[in-house]
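Trainee: Look at Swiss-Prot and you will find 1-18 tagged as signal peptide, backed by sequence analysis. The feature disulfide bond is assigned by Swiss-Prot to C26-C246, C103-C288, C143-C182, with similarity to another entry given as support. The cob(II)alamin binding site feature in Swiss-Prot is assigned to D171, D222, Q270, 365-370, 386-395. Annotation source Swiss-Prot lists phosphoserine at S191. Taken from Swiss-Prot, the feature N-linked glycosylation site covers N311, N330, N413.
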Amino acid sequence: MAWLTLYLLSVLWAVAGTSTRAQSSCSVPPDQQPWVDGLQALMENSVTDSDFPNPSILIAMNLAGAYNVEAQKLLTYQLMASDSADLTSGQLALTVMALTSSCRDPGSKVSTLLKKMENWSPSSPGAESSAFYGPGLAILALCQKSSEATLPIAVRFAKTLMMEPSPFNVDTGAVATLALTCMYNKIPVGSQENYRDLFGQALKAIVEKISLRIKADGIIGDIYSTGLAMQALSVTPEQPTKKWDCEKTMHTILNEIKQGKFQNPMSIAQILPSLKGKTYLDVPQVTCGPDHEVPPTLTDYPTPVPTSVSNITVIYTINNQLRGVDLLFNVTIEVSVKSGSVLLAVLEEAQRKNSMFKFETTMTSWGLIVSSINNIAENVNHKTYWEFLSGKTPLDEGVAYYIPFNHEHITANFTQY
């Protein structure tokens, strides 16, 4: 009688609680608000008609209250015109939420996303944690548009997550928390099949794992996963055993902003909602008013202190030891660049000095990624890519944003995920 249960539930969805009230939240102190305004302006000003339309940026703009109305309109029109067939489930989900937050009807994009997810299952029993990121976004977007139709998919997703033994990923855990919290909130209390219990159990397991990644300074995972994690921990109905100190996290994030760590528009898009006291669960509640937003004056925007203009030396290694790849190599070069230069400048100088260091880049929503070095290119089918490390630690910023320090050893390692 599963169909009858779904029918009865569908009658009750409309009266189910839809509140997105934060369970644990904190706010930016008034004297620190100019830093957030400057961050938002940087993100909004990155939008041009030649860029890959990034739905995450439009969601952040709408949740925060856009200053640059022209950029907001441009992104909206670009996303409305995007071809759903060319998008992954995660990209399509973000597009649906972006258009919803713009008070635009996503149209057939919702039904296309639902079809993509109806037959969803992990690619393999031991699938990487990141394989759940896109489906998590899809369930979140579908929950906000048609929660009753999403229920069977969300149930399968929750059960799979609880059985999944693969290493935990904070970004994926945060998205899964938002998705299942949406479903949990939509189901009427006392409904059959114990769906709330299932989602509650899954949420408890996920937030416990997220809490284990909270560092002493409040950062959750790393500074770039903290934004989504803050959203998740602020709305989940199942709080972790280890209490989260939101104020400490906010304090550290604001300090990182002052150090210029958030320069990538995508990284800003993920942290901005939390800085504004919003989460992705607020997307359906965005009010679209007249185009009268006025940005703070430019004098309100603090900027990080400029760095020295002296030169630094960076040690740069390219390495490929993967079996099955024709060309194996491990080559190191020292290059000199101006202090404060981004890693991309190091790659360009190395390429100028030695043709073995020739590289190619691809534009993504996160900015430039290095797709090929020394004629060895990433391959989705083989799950290979170029990973950049400082010493033995993977970089958490892209080549167009990471700033090396003097005598730092950067390695580009061809590896698999």
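Cβ coordinates are placed from backbone N, Cα and C, and glycine is handled just like the others.
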Trainee: Of C182, C246, N413, which recorded positions are close to L389 (cob(II)alamin binding site), meaning a Cα within 10 Å of its Cα?
Mentor: N413
Trainee: Could you tell me which of these disulfide-bonded residues, C26, C143, C288, has the fewest other Cβ atoms within 10 Å of its Cβ?
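Mentor: Candidates: the disulfide-bonded residues C26, C143, C288. Fewest Cβ atoms within 10 Å: C288.
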Trainee: Since the record lists C246, N330, L368, N413 as recorded positions, which of them has the fewest other Cβ atoms within 10 Å of its Cβ?
Mentor: N330
Trainee: Starting from each candidate's C-beta and looking 10 angstroms out, tell me which of the recorded positions C103, C182, L395 has the most other C-beta atoms.
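Mentor: The residue with the most neighbouring Cβ atoms within 10 Å is C182.
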Trainee: Find the shortest Cα-Cα separation between C182 (disulfide bond) and the binding-site residues D171, L368, W386, K392, L395, and name the residue that gives it.
Mentor: D171
Trainee: Which of the three DSSP states, helix, strand or coil, fits C288 (disulfide bond)?
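Mentor: Going by the DSSP assignment, C288 (disulfide bond) belongs to neither helix nor strand, so it counts as coil.
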Trainee: Name the one residue among L368, K392, L395 whose Cα is closest in three-dimensional space to that of C26 (disulfide bond); these are the binding-site residues.
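Mentor: So, spelling it out, the nearest of the binding-site residues is L395.
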Trainee: If you compare CA-to-CA distances from K392 (cob(II)alamin binding site) to each of the recorded positions C143, C288, N311, N413, which comes out shortest?
Mentor: N413
Trainee: Can you figure out which of D171, W386, L395 (the binding-site residues) comes closest in space to C288 (disulfide bond), comparing Cα atoms?
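Mentor: Checked the binding-site residues D171, W386, L395; minimum Cα distance to C288 (disulfide bond) goes to D171.
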Trainee: Of the binding-site residues D171, L368, W386, L395, which sits closest to N311 (N-linked glycosylation site) by Cα distance?
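Mentor: For N311 (N-linked glycosylation site), the spatially nearest of the binding-site residues is L395.
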Trainee: Name the secondary structure element type, per DSSP in three states, that contains C103 (disulfide bond).
Mentor: coil
